[in-house]
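Enquirer: Here TrEMBL flags 33-52, 73-94, 106-124, 166-185, 352-370, 376-397, 418-440, 446-472, 537-565, 996-1017, 1078-1101, 1163-1193 (among others) as transmembrane segment. Look at TrEMBL and you will find 306-602, 1079-1321 tagged as domain 'ABC transmembrane type-1'. As annotated by TrEMBL, domain 'ABC transporter' applies to 677-930, 1360-1594. Annotated region 'Disordered' per TrEMBL: 965-990, 1042-1066, in sequence order. Feature annotation from TrEMBL assigns compositional bias 'Acidic residues' to 970-985. Summarising the annotation, TrEMBL assigns compositional bias 'Polar residues' to 1051-1066.
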Amino acid sequence: MALSFCGNDNGINAYTVKEGVLNNGCFVDALNLVPHVFLLFITFPILFIGWGSQSSKVQIHHNTWLHFPGHNLRWILTFSLLFVHVCEFAEGIVSNKMMETNHLHLFMPAFMGFVAATTSVVYYHNIETSNFPKLLLVLFIYWVLAFITKSIKLWKFAEYHVGPQHLRFCITALLVLLYGLLMAVEINVIRVRKYVFFANPQKVKPPEDLQDLGVRFLQPFVNLLSKATYWWMNPLIMGAHKRPIELKKIGKLPIAMRALTNYLRLKDAYEDQRTAEDPDRAPSIWRSMYRAFGRPILLSSTFRYLADLLGFAGPLCISGIVKYLKTDDEVATPDKIKETYFGVYFMSSTELLQNTSVLAVLLFLALILQRTFLQASYYVTIETGINLRGALLAMIYNKILRLSTSNMSMGEMTLGQINNLVAIETNQLMWFLFLCPNLWAMPVQIVMGVILLYYLLGWSALVGASVIVLLAPVQYLIATKLADTQKSSLEHSTDRLKKTSEILKGIKLLKLYAWENIFCDSVEDTRGKELTSLKTFAFYTSMSIFMNAAIPIAAVLATFVMHHFLNKSGPSPSEAFAALALFHILVTPLFLLSTVVRFAVKALVSVQKLGEFLQSDEIEDDSWRNGDMTVSFEAGKKHPGMTKAINRKQPMRYQMDNYEQPTRRQMRPTETEDVAVKVSNGFFTWGNNLSTLSDINIRIPTGQLTMIVGQVGCGKSSLLLAMLGEMQTIDGRVHWSKLPDCEMAYEGNISWSETEECDEDFRSKNRYSVAYATQKSWLLNATVEENITFGSPFNKQRYKAMIDACSLQPDIDLLPFGDQTEIGERGINLSGGQRQRICVARALYQNTNIVFLDDPFSALDIHLSDHLMQEGILKLLQDDKRTVVLVTHKLQYLTHADWIIAMKDGSVLREGTLKDIQNHDVELYDHWKTLMNRHDHELEKDIQQDSQTTLERKTLRRAFYSRETKNQIDDEDEEEEEEEEDDDNMSTTTNRRSKIPWRVCWCYLSSGGFFMVFLMVSSKLLKHSVIVAIDYWLALWTSSKTSQSTGGGTAPTNETSTVYGGNSTQPTPATMEDEDSYYLPVFIILCAAGITLCLITSLTVEFLGLSAATNLHHNLLNKIIHAPIRFFDITPLGQILNRFSADTNIIDQHIPPTLESLTRSTLLCLSAIGVISIITPAFLIALVPLAVAFYFIQKYFRVASKDLQDLDDSTQLPLLCHFSETAEGLTTIRAFRHEARFKQRMLELTDTNNTAYLFLSAANRWLEVRTDYLGAVIVLTAAGASIWSSLYNLPRGGLVGLGLTYALTVTNYLNWVVRNLADLEVQMAAVKKVNSFLGTESENYEGSMGASQVPENWPQEGEIKIQDLCVRYDPMLKPVLKHVNAYIEPGQKVGICGRTGSGKSSLSLAFFNMVDIFEGKIVIDGIDICKLPLQTLRSRLSIILQDPVLFSGSIRFNLDPERTCTDDRLWEALEIAQLKNMVKALPGGLDAVVTEGGENFSVGQRQLFCLARAFVRKSSILIMDEATASIDMATENILQKVVMTAFADRTVVTIAHRVHTILTADLVIVMKRGNILEYDKPETLLEQEDGMFASFVKADM
């Protein structure tokens, strides 16, 4: 009987029970089977019935998930149990081989135990998800029975003196321990849940997050196995193939990870450090971070240590396998003394570890565990880092809302600094947290590695290790250098961006003046500097990569050369390859160490900046705004129930408000009730202790219109801000009158949900909220409607009224989505007037008692101002009896004012009604009157007139009209478009989403230059083949030792040595020394070659990237600057700028390292697999399924990763914008008292971004766990294949070692292949976008005449003939000018007028050939302008545009960028433009600084500079396109005269928006719809009563 349970050995009756039943070992083993079988019999039916009933709802919904107490412990114990069962099984099999016949009882119970343990955990999981604790009783019984049977076995062993020196005893003891612990866990569940033996079992609900189905991030809630392998991510990642992952799919964050939760934790830790003794001491941010987030970091570090220690199992197992492969056969020699008890063999504990198959399995398990721990450690740190970032963002935001305004305006805290804090510093800290477990794990890893090396190779190993350690500082040096160069290149690139954006904003002007090349060169200049620093950057990067690749080679070289000289012989294969693997392990921490140290330094700097920011000045709490905005915890704690209630209804909505509503104290009653605000002897400052406003005593009457007037810079706006409490008070106080009763209820900290009844009433008269419209308009990145309602409830009638009052309807009609169009930074760019009107509409729409309007008319033309004044301010506000304070320059409105405050130089000049002033201060009144008269003369009631507003509308319309015709979708959406075309057949879509963009890659590489590409490819391949050669040579060298150490050896060994050694002479012990001297030089030469090749490859890749970046940017800039003006109308400015900022940055800095990393890891993996397959061809069989698995993993992951990365990017932008928006609109937000709402928004945005980021990092873990497990399987199969081949005496020890070492490296690099592929795919999108712009057509600059054929002084006369002219903006569009004919004599002054859209401006552009002239021609001084080179044509005419454009630089540069004119000529031009005195007063005169966009001059002054610019260019034809819209009347009159005199002998074409400016012209052209309607002298035209011109003039009078 071959298979019998108790064995069938000769002379032993295995079934005898003479000594007692329990003393028969076989019976005890049989007894051990009982519990396992019992469990299987009971659980299988339950599982089947359970699964059968669940088939209706296949996936258990996650809201039923619930963890019984001791959940994780149970999983850990069960896994250990499974491992011990595997050991028991292995031991049984090996012992069984020692016996004469098969003894089933040695391994059968172990196998059944394994099955039962697996079943127990599956069963437990199902009970847990369906929450049916009563069924756990089965498991409890199983643990008890198993515990008893195993204890009996242990007791019998002890009785027979089987001790710990025997493996089976150890295993049994472990099992007893594990069963005991599991029993304890089970008892604990009964104790807590009371599901049995107790009268009232405890009802339990799943955690709150799971009841909310919006939470899709399940990592904290799934079971341990799913946690470790990210199994719960499968549906998401696989699903990404069918349809892209959207924000909806990733849901919300669990409560514990939300920014608010973490903010409160951090805030607590921060505030707790402020002690009573020392309240001013700045709390340490480090300490608060440690207190809030220390524990998870410790947990992560523990995981990290475990992983690192397990990492060393690899090399040791390899050395074991190589060592014992040959000795395997000797072990089984029968002459060994058998240790037998119970008639069976007992194995000693050490013997198991000498079995190669066991070692291979152990290696596999160690790898799997190590990788699992490593990923767990990464995940925990990343989650903590994200939590920390959320908390820091909330802290910074709260601080921003309390920053004192003077800080912002005095420039102590610039917007840039705040944006850096948000975008850079918080991320630095987050990254530091990610890397910080490395700080203490790495030294341990290095020390352990060195000890092991010493144990393997003795002293020579320390030489190699010292090479690695000594080169580490060099790496640190390189890393710091890298950081520096990156900083400098960042400075250059911001500079370049500033220049580029200026060019793009003023592109029309540049083209009209033919200056584009000058500006283009200046950008190229800056780009040159940037490229120089990028070169250094590339050099250092390649050095760093080179060090990383070359150090292990150098270390191995040093070690083995030393070993050769010390020991007079090379090492044995087992030592050599274990050492090789150890060197590979050691390099990683050393390479990372430099990075980590660098990040630690950066983190220190970031914390310091954060600390300074959190300590900076806050706004004063005035008596009337007595809320300190800190978190009032007491208030929160007083109503614990309430917080809970809010939590239930709207989990996130009001918590922040509830914590942070300012508590308002009782107001002191003011003397008079009809004063809304009263300032008594106030001295206010902007923080430099010089009072900006002094001795202010004013009152603002309730329900009346108060106007504040005065010259520019006399402190009108400051007065408003002082009343709002934004300025620092030196002396005096601001009284706001008492609150209505309802608001008193607001005193107690009651959340909004509870004051609902009082809410409407209270909102309508909230005295504390002041509707405030600033002078510099401030918009949110939101729809027009959201900008106007600004968080108030939407009321249709009111909204409509506001829009009419501000005459916004026509503008809204032009927008593509009406009032649902996004405006603001990222939305559509509106003009100044439109923005201002929206701000005014916002202030009027709010339901507040007091409205402050700061110069709302500054950017509006006259009749809009009138309309706003009449309809908006007077009608709406007076009807509601609201108090209005209006700052204005338009004195004609003083008649409407109930109360006037006149200011001068920071103090109040007069206060009272207009009558008072008329009576008391005649001088002032007369001064006003003369000004008002001048206004009245010019006062237009133009109905048909063109005005600034219509103009703004026109630009808007032109932009959209063109956009729609072209129907051009942002190229970001182009990819999606391609996909949607074939949405009907899903498969193509999927393929398209998972395809790698080869075409774009090729485009990128080819722009780097073919020579570089060739060099890169060849050097890469060479390098990797040399590296393989080095290791292969090492294998031959060490194997040659073993073959001789068997003393000349048996015949087969020598044959192999001939085959492999390549030297046909039969090696004998005598040639051993020569042999070494033969192997050693080759080894040294190979290593040297390897190191040089490393250097060459790292340099080529970086410089390939650099030349690609240079070419792409150069081409892009030239294409865009020379594109027709039409291109800029169609393409949003932001999109073009993005190509120059984000995309160029990616091409410059991110693609080269990714490309390098990708090629390196791919080649490493391929070479490793190649080597293994050559050594053990059997491995190829296993390779096929592995390759298939790998293909699918990477395919799914790439698609999902791309989506998640897009989500992360797209959610980051709104967050950063929200921060900068808040910082810009601080005064408005605080005046409106909308802090809580903005905080809420910030928390939502942060959470959304964090969710995306969490999912992205979880997806990376998903991938890494899977590729690591694949790598482990590769190692297992490689080991298995070599053990199996060794039975047939195929490879030698050295080669087996080589194969296994390579298999180990594969595990490290597999996931990098996929990660880099995914990254490269995302980064190639940048190349694709840049490429799409490279396809735009340029303007035709050549012309049919050469520049030399044009006369030097053309056009001398200035005679213009327009013949049958037809013009369109684009071949797709209708013509804007149809068959226009006109003749203008030299020196004539021509006026062109007409309604909006009649083609006036198009005509002016046609003179410069900026538009498509498709029929007819314009002839100037006998030359058809279409034949001229554009440069020549445009440089000989001059034009003044309606929007003044100034560039940053000097005044001289703005007037004459070509540097061709003398100073006298410039001064003359400035004198003509009435600017001479002003410029003389500036520091530096002509070289005075102009800031970006000319912000340091008023709009009127900018317009005058533009006039001066046209005068500098002394051309005989001047075209003025409505050049005087933003200049006040007095200046305009002077200008008219000047133009008439200075240009007496030149041709001037004026496009007029105010008809009275062209009454003195020699010729008037009236246009309508692209045709000329009237064409004659103005006097003649005025006589035709019913003519168009006459009606214009009538309306204008």
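Every residue gets a Cβ built from N, Cα and C, even glycine.
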Enquirer: At an 8 Å Cβ cut-off, counting only pairs 6 or more apart in sequence, do the transmembrane segment (106-124) and the transmembrane segment (376-397) clear the bar of 3 or more pairs?
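Expert: These two stretches do not touch.
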Enquirer: What residues in the same chain, six or more past the boundaries of the transmembrane segment (33-52), come closer than 8 Å to it by Cβ-Cβ distance?
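Expert: Hits for the transmembrane segment (33-52): 108-109, 112-113, 115-116, 119-120, 122-123, 126, 130, 135, 138-139, 141-142, 145-146, 149.
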Enquirer: Pairs of Cβ atoms less than 8 Å apart decide it: which stretch in 73-94, 418-440, 446-472, 537-565 has the most with the transmembrane segment (352-370)?
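Expert: Highest pair count goes to 73-94.
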Enquirer: Sort out the residues at least 6 away from either end of the transmembrane segment (537-565), same chain, that have Cβ-Cβ distances under 8 Å to it, and list them.
Expert: 453, 457-461, 463-465, 467-468, 471, 474-475, 478-479, 481-482, 485-486, 489, 571, 576, 579-580, 583-584, 586-587, 590-591, 1023, 1027, 1030, 1034, 1076, 1080, 1083-1084, 1087, 1090-1091, 1094-1095, 1097-1099, 1101-1103, 1105-1106, 1149, 1152-1153, 1156, 1160
Enquirer: Which residues, given as numbers and ranges, are at least 6 beyond the ends of the transmembrane segment (73-94) yet have a Cβ under 8 Å from it?
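Expert: Hits for the transmembrane segment (73-94): 106-108, 110-111, 113-114, 117-118, 120-121, 124, 167-168, 171, 174-175, 178-179, 181-182, 185, 223-225, 347, 351-352, 355, 358, 361, 365.
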Enquirer: Pop the mean pLDDT for the domain 'ABC transporter' (1360-1594) in here, whole number is fine.
Expert: 81
